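Student: Dumping what TrEMBL says about this protein:
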BINDING   D13, R14, D15, D21, I22, G23, Y24, T55, N56, Q57, S58, R112, K113, K139  substrate binding site
BINDING   D13, D15, D138, K139  Mg(2+) binding site
ACT_SITE  D13  active site, proton donor
ACT_SITE  D15  active site, proton donor
SITE      T55  site 'Stabilizes the phosphoryl group'
BINDING   C94, H96, C109, C111  Zn(2+) binding site
SITE      R112  site 'Contributes to substrate recognition'
SITE      K113  site 'Stabilizes the phosphoryl group'
Amino acid sequence: MLENKKNKCVFLDRDGVLNKDIGYLKSPDQLIILPGVIGALKKLKDAGFLLIIVTNQSGIAKGFFYEDDLKKVHNALLTIFKKDNIYIDDIFYCPHHKDGIAEPYNISCDCRKPNTKMIKDSAIKYNIDLSKSYLVGDKDTDIQLAINAGLKSFCVENDMYEYDKNVVPDYFVGNLAEAAEIIIEISNSNVQ
């Protein structure tokens with residue numbers, strides 16, 4: 001009988017984890033990859049993880065930029081990574097916000113973090129074992145998403161953000177590189 005092997009995944013927030021968080025990133029020329037990200041992504045890929053970006057992009061609903069602008073930013077991000085032979089498996093984003101002004105995005109939805117739709121959809125699409133997967137983010141909504149989805153969570157500390165003390169990650173880390181080292185160590189220790 002063939003075994004249906006499930007994949008392990010590292011879900012990645014975008015702003016503040018992969019690139020510098022500048023608020024509403026509207027254009028590829030504003031994209032600044034954070035130190036250590038390229039090496040960390042390579043190590044995670046080499047360790048057999050899928051890499052999937054999950055990001056709230058309420059700037060679309062709020063009228064700060066268009067969905068086409070977001071696609072240009074994501075294409076630029078993927079191009080930067082491809083130059084180093086890093087292939088992101090997918091990007092899931094939520095363009096909604098209940099207080100937005102741009103229709104049809106000004107709604108409450110199931111995909112906005114900390115809701116789990118982006119994780120559930122990717123788990124189905126890529127046959128992901130969530131019990132062997134991780135989320136690296138830099139805000140409470142990321143950590144709450146991980147908790148809601150049953151993922152181990154890593155919070156990249158962000159000096160610009162005040163954390164809710166009731167939303168506690170499994171690990172606080174200084175950057176993605178530090179998270180990657182711990183993820184790989186945990187993953188290797190769980191191999192039978």
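Heads up, the Cβ atoms here are built off N, Cα and C, so glycines get one too.
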Student: Report the nearest neighbour of C109 (Zn(2+) binding site) in space among the binding-site residues D15, Y24, N56, K139, comparing Cα positions.
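Tutor: Result for C109 (Zn(2+) binding site): the nearest of the binding-site residues is N56.
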Student: Let me check the 10 A CB neighbour count of Y24 (substrate binding site). How many other CB atoms are there?
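Tutor: By my count, 15.
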Student: Which of I22, C94, C109, C111 (the binding-site residues) has the most other Cβ atoms within 10 Å?
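Tutor: Answer by Cβ density within 10 Å: C94.
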Student: Other than C94, H96, C109, C111, which residues of the chain come within 8 Å of the Zn(2+) site, judged by Cβ distance to the Cβ centroid of those residues?
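Tutor: Once C94, H96, C109, C111 are set aside, the remaining close residues are N56, P95, I107, D110, R112, N115, K117.
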Student: For each of R112, K113, count the other CB atoms within 10 A of its CB; which of these recorded positions has the top count?
Tutor: K113
Student: For S58 (substrate binding site), which of these binding-site residues sit within 10 Å, Cα to Cα: C94, H96, D138, K139?
Tutor: C94, H96
Student: Of the recorded positions D15, Y24, T55, which one sits closest to C111 (Zn(2+) binding site) when you measure Cα to Cα?
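Tutor: The answer is T55.
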Student: Rounded to the nearest Å, what's the C-alpha distance separating C94 (Zn(2+) binding site) and N56 (substrate binding site)? Just drop the number here, would you?
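Tutor: So the alpha carbons of C94 (Zn(2+) binding site) and N56 (substrate binding site) sit roughly 5 Å from each other.
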